[in-house]
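Only one structure is covered here, and it is reproduced in the block below.
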Amino acid sequence: MNPVVEAFAFFLGFLGWLMVGIALPNRYWKVSSVDGNVITTSTIYENLWMSCATDSTGVHNCRDFPSLLALNGYIQASRALMIAAIVFGTFGLVATLTGMQCSKIGGENYVLKGRIAAIGGVFFLLQGICTMIAVSWYAANITQQFFDQFYPGTKYEIGEGLYIGWSSATLAICGGSCLLCACKLQTPGEKVSYPYQPSSRGHVLSTVATSAPSNYGRNAYV
């Protein structure tokens with residue numbers, strides 16, 4: 001495997017994992033829309049964990065969602081998917097770091113290290129897929145309510161947290177794809193280490209030579 005591609009894929013996966021950690025606690029997953037409102041006295045914004053409001057004086061008031069079971073199903077599913085994305089990304093970082101050729105972890109068995117790096121790529125792909133599903137599902141509900149003319153509640157627009165999530169998912173998928181495409185089980189020029197086994201041929205020959213029966217008697221040398 002090309003070490004440059006390997007390092008680049010690891011960088012993409014790490015950046016995607018870092019951005020999903022930024023997107024999860026971000027408060028601006030959706031922001032109240034000012035479309036059709038002549039006078040706006042407050043702005044409401046929400047994420048997966050809380051709802052906040054700010055007035056014209058700049059005072060922010062936030063409250064956590066009181067009940068998990070009272071939340072909509074897509075919010076609960078988005079929470080689970082985002083947490084799973086962080087877990088998959090952590091496994092992907094550990095596996096890729098172990099399988100990199102520049103790393104001394106795992107010895108010098110480059111075939112095994114390549115397979116471990118490929119497993120890290122799979123974890124990065126799972127991270128990107130989970131993140132993409134979570135933010136896209138959340139955004140789909142925002143747009144559905146926004147374009148519904150009969151929706152009586154507050155209409156929201158897509159916030160910056162979703163854009164960070166989309167960027168994170170794209171980076172993670174690109175990093176995992178690079179690892180899977182570049183990792184090969186074995187190439188003709190790949191270095192493979194084998195354990196040293198000393199030859200026992202000389203020992204066997206000497207044993208046979210000393211233990212061979214003699215056809216001459218003792219008086220034959222007189």
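Backbone N, Cα and C atoms are what each Cβ position is placed from, and that goes for glycine too.
Note that the structure is predicted; figures quoted are calculated from it, not measured.
TrEMBL has this to say about the protein:
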- 7-24: transmembrane segment (TRANSMEM)
- 74-95: transmembrane segment (TRANSMEM)
- 116-140: transmembrane segment (TRANSMEM)
- 163-183: transmembrane segment (TRANSMEM)
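Remote same-chain partners of the transmembrane segment (74-95), defined as residues 6 or more beyond its termini with a Cβ less than 8 Å from a stretch Cβ, comprise 10, 13-14, 16-17, 20-21, 23-24, 48-49, 68, 116-117, 119-124, 126-128, 130-131, 133-135, 137-138, 141, 165, 172, 176. Only residues 6 or more beyond the boundaries of the transmembrane segment (163-183), in the same chain, are considered here, and those with a CB under 8 A from a CB of the stretch are 1-2, 5-6, 8-13, 15-17, 19-20, 22-23, 26, 82, 85, 89, 92, 96, 99, 114-115, 117-118, 120-129, 131-132, 134-136.
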